[in-house]
Amino acid sequence: SLSKLQLETGDLDPRLFSRLRHLQKLDLSDNLLDKFPNSLTLPDLRVLNCNNNKLEDVTALKQFPLLEELTYENNALTLNDDYKVMFLLQNLRLLNGKDITKLANHVRRVNSRKLTSKVTAHWEKFFRDQLPEKHTAEQVKSIKEKFLKSVQTNVVYGPSSLSEFTRWRVKMIAEEFLACSLGLELNSDTEPEEKTDENEEESTESPREAAEDMAQVSDFSSYIHNALSVTVTPSKRKRNHSKSSPGNKRSKTQANTKEESEEDVSAEPLHFLQCHSKGNSREDFKTQLWSCVFEPVLDSGARKDPIVNSSRTVATCGGESVCLIDCETGTVLKKYKVATEEFFSVAWTTLTMVISDSRKKAHNILAAAGRRGIVKLIHVAADFCYGEIKAHKKPIATVCFSPTQKTHLFTASYDKRIALWDIGIPDCDYNFKASQLLVLETASIPLRIALVPTCPEQYLLAGCEGGCFAWNIKLDKGQKSRPFEAIFQFPDEESMTTSHRVDGLAFLNDDVIVSKSSKPGCIYLWSWSRSFDAKGKGCQQTMSAVILAELEWSTTDMSYLTLSTCPAREYVFCGDEKGSVWMYNLSNYTTAWGSAKGKRSEQQRISPTQILKWPELRVNGEQPPEILVNNVVADPAFTYLVVLTSVNITAIWKKS
């Protein structure tokens, strides 16, 4: 309490206040404050009383993003300031003693959507044609000034008593729109940040008012990313066959360079994007990109063909953001940001939700999780993060949805647990209820998880820091917390071992598993049905993996460069420590492996069908630093290949 001390604004010393990291309640009432300093840095502040001061502006209060209760009666503030506060403080529940939850939701959602629509329409009608296709910086500056002035004068919404608030929001939205449309820098002051509460208890939250803590790019059809200013020089790539001599091919590229390709190659570089930069910085070549998943196609009826259901939209994550990218055009369609998060994993599911008039409609939901142990649930079509699940107290390494139970989400965490959640289905007001169904105990940190395709409701596999494990996940068993059922052992020098890091794990088809271990250059293909003894009694059995083949890969001992599969095309992909992508077409082998059931087939060592070399990529005339390929994923039809790197570059290749 600092009440009744005749304090003026200059008395609030940021150097002192920035040390109060855990302060939750602050009383500054009955003083002489005319404004708040911008850098008090009270990351955990929940309750603030500044009644009876001389405050004239509320925008500096956005520095307290966790604020839930605010009172500022008897200041030089108006109704417009109340609305600004409701927009800026996403967690605010009580304002001057009144519950403002419903009104605040309207201000943040409905009001913002209406104004965005009006701003966009104003540009399309009056200004779009004024900007030449090839424009100078001076022309951009001129049209920006005219547009901002015009839009604030002409866009009207709501009662006249709120005209100041409307102009304030219109200017903010218009500046965002110009940043997207004309490539001008976004004013970062417009985005409320989310701070970390390190002492959060493990629980779930479903109120819709807590759902909008994720700063979103507004309802614009596209988001102009930080496009790399690059020169791409085609580089030679080897095409290796296990039974033929290697030949050299050159890559084609759509950059403005001479095409030197002598023959067709299987894939060509299409786009290089730098869209996960911290603070939108073009100098960020440090943000690591970790996970990408293609969006399922809606309204595909009863057809389950993965190729028919293929999409060209991919979700990627890394650093503080999640992006949705159109692979064909390279457009970043949407971007979601949480300033204190580092996202490690994303996953899609499709939920049938009740919309207006009790009608039902299928919508794609994206789950994103990472260092904070929290799962964000995003209704992508609505541009809305509608909720979160506080799933673990330690970081979440990976998440995946059940292919059969659409609300069932698995989260694998550094707390050495894999949890199964039922995320529920949000109602028309985005209320939902999440519940924990299972906890699978792991002996070491789980890195990758995969459900067995033939029985996804019964068995789950996990690649962990200490080996490869399997669990029985059937829900009709009474036990909620379960130890692993089997640990698999693999060849090691001249013997078999269970103790090794498994940082890559995926199914190539219903039976064949592809796993990558920390042993240099080692990717194994092995049979689930021949390795796992379902009739075995008891838990924690050791079972030998029946190895079908070994894939020749880089000799690096670097970990966490993960692999993926394209089952419909029978391909395996894995990146390496030099920016290359190793591709294996296994369609000539799978039939023989399937017909050899019950027999031990002779182990083969298979060379890559092709290695896509990283092109000579220059940023402002210089090559980026060492490039690691953390992940590489193809769409189900293998039209596009998305490559995520350690240097904040997403590369998109297209199959020729």
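Our numbering is plain: 1 for the first residue shown, then up by one each step along the chain.
Each Cβ is built from the backbone N, Cα and C atoms, and glycine gets one as well.
The feature compositional bias 'Acidic residues' is assigned by TrEMBL to 188-204.
The annotation region 'Disordered' is assigned in TrEMBL to 188-214 (among others).
Under the heading region 'Disordered', TrEMBL lists 231-266 (among others).
The compositional bias 'Polar residues' annotation in TrEMBL covers 243-256.
Residues annotated as domain 'Leucine-rich repeat and WD repeat-containing protein 1 WD' in TrEMBL: 266-655. Here the domain 'Leucine-rich repeat and WD repeat-containing protein 1 WD' (266-655) returns a mean pLDDT of 89 for the predicted model.
Residues annotated as repeat 'WD' in TrEMBL: 389-423. Tertiary neighbourhood of the repeat 'WD' (389-423): same-chain residues 200-205, 291, 344-351, 365, 367, 369-375, 377, 432, 434-451, 453, 456-457, 460, 462, 471, 473, selected by CB-CB distance under 8 Å and a gap of 6+ residues from either end.
In the repeat 'WD' (389-423), helix, strand and coil residues by DSSP number 0 helix, 20 strand, 15 coil.
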